[in-house]
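So that you can see what the record holds, here are the features copied from Swiss-Prot:
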type	residues	note
ACT_SITE	Glu205	active site, proton donor
ACT_SITE	Lys335	active site, proton acceptor
BINDING	Gln163, Lys335, Arg364, Ser365, Lys386	(2R)-2-phosphoglycerate binding site
BINDING	Asp242, Glu283, Asp310	Mg(2+) binding site
Amino acid sequence: MAIIEQVGAREILDSRGNPTVEVEVALEDGTLTRAAVPSGASTGEHEAVELRDGDAERYGGKGVEKAVEAVLDEIGPELAGVDAIEQRVVDQKLVDLDGTPDKSRLGANAILGVSLAVAKAAAESVGLELFRYVGGPNAHVLPVPMMNILNGGAHADTGVDVQEFMIAPIGADSFSEAVRWGAETYHSLKSVLKAKGLATGLGDEGGFAPDLPSNREALDLIASAIEKAGYKLGRDIVLALDVAATEFYRDGAYHFEGSKRSAEQMAGYYGELLDAYPLVSIEDPLSEDDWDGWVRLTSEIGERVQLVGDDLFVTNPERLEEGISRRAGNALLVKVNQIGTLSETLDAVHLATSCGYKSMMSHRSGETEDTTIADLAVATGCGQIKTGAPARSERVAKYNQLLRIEETLGDAARYAGELAFPRFTPEA
């Protein structure tokens, strides 16, 4: 047994200089582990709720002392004496103790920190790496790194509407090779931008954030960078988008590239992009509550491209069930802090997989050095992870952890590669 002796918490900073929660769990056998909680810039309306202090005199109201107190005063005493191996028991206690549907009383940031720290403690106590503890003996698939190398939308102060332009090195033979290809393309993009006299400042997630006239211009620049780095666009490296359409949906219309567009017009735009570029994945192409638009879009282009629900599903099994029943989207974005416990996160991935939906593990724009999602990507075998550009330590930490896992697995390691995107046929 791995009995929980004490649960502690503190306020730390995330990668954007905002406070977040870090939780420590101590077991009776001497095990001590910690987990830090991420935070998003573009957050879905239906996400579990972070508890912030609201005191304008501290951190502009974004302090998390209340969440820390919730861990110390309520959650810690409740979990003392509980076996950390019983993850579902722990997570159910957290949900019951909070007592709200959106975890707003204790805060999803407090609850998630505890849930993840408990899992880490249990894994360490039994002598297993986290990916092996959560995923079992057969966890061996390394995900395709979806590297966000050009930022727009809420992640950058520019005229580019699409929030993330990603590259996916599907033609690599291993995860380590994929990381190298991505890093080389990232540096190539910097030189392409410099040659055109464009800014090379970075967005929240480490991608470049030049002010460009259109979203297509961003795709063209990335295509040039891929070729300049010596790789074949559409065979070695393909493209993906996070549109984050909820961010520019107002009054029943999409305010996109200087005009108001309907869901049908957005669908036509995406169809044109698919004809022009090797796109394998489009995340949040429509607003989080535009169910009818999502259904039509999935019917029109869902056989050609992965359509990922982030704000639409918010890693919530109930929202995902509704999407599956309506045939809206065909993939789930997995953000542990959207739902707030490890058990519920794993339930969402299992539901997606069992219904033929793909899953993509994801960071948030406000990250820490915590690498839990890297282990979860391998544990779930989801085959895809997005955790920013190959730059900024809070992003690179996840890639480095995956490199370690690949090394640990040795000959058993398998890189997901093009199999992660069954709707896409690579060029010869």
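Just so it is clear, glycine is given a Cβ too, placed from its N, Cα and C backbone atoms.
What you see is a predicted model, and the numbers here were worked out from it, not measured in a lab.
Features as recorded by Swiss-Prot, highlighted on the structure.
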residue : record                               : Cβ within 10 Å
Gln163  : (2R)-2-phosphoglycerate binding site : 28
Glu205  : active site, proton donor            : 31
Asp242  : Mg(2+) binding site                  : 29
Glu283  : Mg(2+) binding site                  : 28
Asp310  : Mg(2+) binding site                  : 28
Lys335  : active site, proton acceptor         : 25
Arg364  : (2R)-2-phosphoglycerate binding site : 26
Ser365  : (2R)-2-phosphoglycerate binding site : 23
Lys386  : (2R)-2-phosphoglycerate binding site : 29
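Take Gln163, Lys335, Arg364, Ser365, Lys386, the residues named in the record as contacts for (2R)-2-phosphoglycerate: the widest Cα to Cα gap among them comes to 17 Å. Cα of Asp310 (Mg(2+) binding site) to Cα of Lys386 ((2R)-2-phosphoglycerate binding site): a distance of 12 Å. Annotation note: Lys386 ((2R)-2-phosphoglycerate binding site) sits in a strand segment as assigned by DSSP. The two recorded residues Gln163 ((2R)-2-phosphoglycerate binding site) and Asp242 (Mg(2+) binding site) have their Cα atoms spaced 6 Å from each other. Apart from the site residues Asp242, Glu283, Asp310, the chain places the Cβ of Gln163, Glu164, Leu241, Val243, Ala244, Ile282, Asp284, Val308, Asp311, Leu333, Ser362 no farther than 8 Å from the centroid of the site's Cβ atoms, the recorded Mg(2+) location.
Distance between Cα atoms for Arg364 ((2R)-2-phosphoglycerate binding site) and Lys335 (active site, proton acceptor): 8 Å, as a whole number. In this structure, the C-alpha atom of Glu283 (Mg(2+) binding site) lies 13 angstrom from that of the residue listed as 'active site, proton acceptor'. Glu205 (active site, proton donor) sits 10 Å from Lys386 ((2R)-2-phosphoglycerate binding site), taking the C-alpha atoms as the reference points. You'll find the Cα of Asp242 (Mg(2+) binding site) roughly 13 Å from the Cα of Ser365 ((2R)-2-phosphoglycerate binding site).
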